């Protein structure tokens, strides 16, 4: 792979850093100091050829000691494009009224004269010069060292009509043109769709899809630190501290109570000591204390429904058993926090549901216990069975009919020739007796007719019951 080309810094930046160290490349110093071959050619050529202020040479482009000689007189001329505008009020209608003209610029002398009281306010020209036609409006400004302005004092009636005078012809109306160049990167061309449902010319551009290449970031799934206890969690209440915290073991003795009625009747029990019991002493009747509103009793006497540190909710109440007391009502003794927690509501058990609908491509597996079924595995590709056959009696029959030929065993009859023909009787037996001597001939059985011997193989097999197709069982209807 070719080495990657690293872009070099700017020539002027290199010149600032490497000039003092003397480590500049050979092409940096001549380019900055103007000592290249092209600069030298211009320097030597400018000695004999004057190029003026064109800025071609390496000079500053300033004029010589004598300066430049202007081709025109002093001042400047500005030309504006215009076109004739027809309209306005004809000058013939202003003969009796007069015309309002601006002040006349005159060279009256070195001093500036003030407003003359005898000067007329309106000057009526004898003849208005009419321009025969100009292609443009020429505005010239003459520069002079001293300019004197003369102002006219108005005279005559106060009601003077001031009209805008416009010649009938050859009026100059200036035009201002503005050109706007839209940026195609931010503003698409407006096109009309010629085909139905064509959206290629729409201005709305939707950019979608996935990015190409590797992403610089990493997708990390957010994890909740604590799940809400309710569907609409509220702002957690700040737990009280010190003596206001009923669950504090420093200020209260925690007493778990199983019966909530004991919390309601806390403080109403009176214990009598039989040693100091007296008939004259009658205990004061205690009022029935029930669960009341917290606003009607003090903060300690009211039973509250609080959530403990473990999160369980229960009834809580602060009580003080009978102890020492003063006449001012101050009682001395420990404080007990009676607490009766409710039973915990466990989350329901998760029961795996069985799908009621089976798709067509769902594979149903049926478990079959492994046991001996009494069937033998038969190889379907084998010609003969490997199982031993039981001996059975069979007979061989030829021909179209089935004829049984019984063989009668008689004593003294030796091996002979048995001939059976289709023209003879079925039960006829012919025996040739050779006198009791053994015959050297092989017994021959002759059967009339054409015998066609053919070899045919037949395969008879039965499928194992486990290979038979089973109907799919459905759980519901």
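Heads up, the Cβ atoms here are built off N, Cα and C, so glycines get one too.
Quick look at what Swiss-Prot annotates:
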type: DISULFID; residues: 18-24; note: disulfide bond
type: MOTIF; residues: 1-9; note: motif 'Nuclear localization signal'
type: MOTIF; residues: 469-476; note: motif 'Nuclear localization signal'
- line: Given the disulfide-bonded residues 18, 24, the candidate whose Cβ has the fewest other Cβ atoms within 10 Å is 18
- prompt: Per DSSP, what is the residue tally for the motif 'Nuclear localization signal' (1-9) in helix, strand and coil?
  reply: 0 helix, 0 strand, 9 coil
Field: Three-state secondary structure, residue 24 (disulfide bond) (per DSSP)
entry: coil
